Each structure stands twice: as structure tokens, then as C-alpha cells.
Amino acid sequence: MKISDFMLEYEKFCPKELAVEGDPVGLQVGNPNDELTKVLVTLDIREQTVAEAKALGVNLIIAKHPLIFRPLSALTSMNDQEKLVLDLARAGIAVYTSHTNIDVVTGGLNDYFSQLLGMTDIEVLDDEEGLGRVGNIELTELSVLTEKVKASFGLDRLRLITYDHNLTQKIGRIAICGGSGGKLWPKALEKKADIYITGDIYYHVGHDMLSAGLLGIDPGHYIEHAFIRLVADKLRSFDMGVKIYESQEKTNPFYDI
């Protein structure tokens, strides 16, 4: 089986056309005509995941976050990104990126997050780009919801966006968007969410949300590591006789102390 055959099968589930405009998805490094040996699924491509791929003998990495987000003007090993690209090319390891298309697609990452939180009557948060989800839950105290979010995403801590620290208030409708979805908070308000869950919420955005009457939970960007299990399981379901590995390397740059 060639890498191109594998890509074709994956794109039946998660078409590249679903990606947000300008988002680099698809094959970024490597020859699609190479024979496929083994696959590693990871959130990020960093030095440790490249080393992991080499040790496992894979020749295709499927990553959530693009290795090349902006066009490269040179390949000189003068910065970390160029070094990674050259290292992968020399090792014969191809890179395929599935970024916002896995967020948008039905059965993708945002649907998975919604299921983890027990949301019902789920709809799309941003109707224009397809990002995020909104849904209902049984009326739940904020304190209980925060614990559920931590348990669902394997977190020790999270940031709660509220002024009064009232953890007894009831939540019945949730908006959620994996990654960095701060700009979509007005959409959550429009769809009558009581609380918006997303990563990388800026200080002033938090003020704006609260002034508009919208609570928030920032669980961090790294909850997207759920991509690894979700996509690996999907690839295994294709039953194409290719070994699929889930990356064991931690690529979260933040460490809570």
C-alpha cells in the first residue's frame, strides 16, 4: 500500500475541504508514492516525536498541528522548524496534517469532546466554518462541571472565568471548541450557552465574556491530545493491515506547579 492510498482512505472520513480557509492540511513532507510501513499518530511534531517515529520504524506521521504553518523560504537547518523538516526527509518519514478539518468533521474532535461531557441536542457553534459545538446537559452545579471537565480531559487544574467565584450556580447549556477558540465566544452567547469551554482565552477576552454574561472554562490547548486516540482508533477501523502507533511523548509546553 502506498502512502497516497492511505491518505485517500483517511480523507473519505475527514476531507481536506472541511479545513478553515488557509489552513495547511494534508501531506506536508514526503513522497505519496512511497510504500507505507507503519503510522504514528501525534498531536505535535517535535524533536521527541521524530525520535519516537525513528525508534518505531514508521514512515508516516499523522499530526493534528501542522509542521509547516507558513511557507518556508529556505531549508538550511538554521532554525528548529527547518531542522525538523530536514531530519524527517533524511529519515524517509512523511508527515500528514489533519488540523481544522478534524475539528469540523462529523465524528471528529469537537464531537468527541461533546460526548465526553455528556452533551445532548448537539449543534455546530460556528455555522460559517463549522468549528465548535453547543449542547445541553442536565442542570449541573458549576463545581461539579469543573470536576467533570478535569476528569474528562485528564487535567489536574483548569482556569475558571468568573468574577464572583460562585461554584453553586447551575449550568444547563455548554459551548465547546478545542484548541484556541477565544474569538468564537460571541457565537456561544448567540446560541445561549451558559458557559464556554476553550483553550488559550486571553485576559481581556475573559473580561468581555463576563461583561456579556458568559462564564468560561479554559482547560488549555493540550486537551487536543485526544486527537491521538480518536484518529488512531479510526485508522485501525479501516483494517488496511498497517500498524498504527499512538505517540507516548508529552508535547505540552506548560507544566503546572
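Heads up, the Cβ atoms here are built off N, Cα and C, so glycines get one too.
According to DSSP, H221 (divalent metal cation 2 binding site) is assigned to a helical segment. In the shown protein chains, 19 other C-beta atoms lie within 10 A of the C-beta of H221 (divalent metal cation 2 binding site). The divalent metal cation 2 binding site annotation in Swiss-Prot covers H65, H221, E224, and the record cites similarity to another entry as its basis.
Reduced to three states, the DSSP call for D103 (divalent metal cation 1 binding site) is helix. In sequence order, L109, N110, G130, L131, G132, C177, G178, G179 are the residues near D103 (divalent metal cation 1 binding site), counting only same-chain partners six or more apart with C-beta under 8 A. What Swiss-Prot lists as divalent metal cation 1 binding site is D103, E224, and the listing cites similarity to another entry.
In the three-state DSSP classification, H65 (divalent metal cation 2 binding site) falls within coil.
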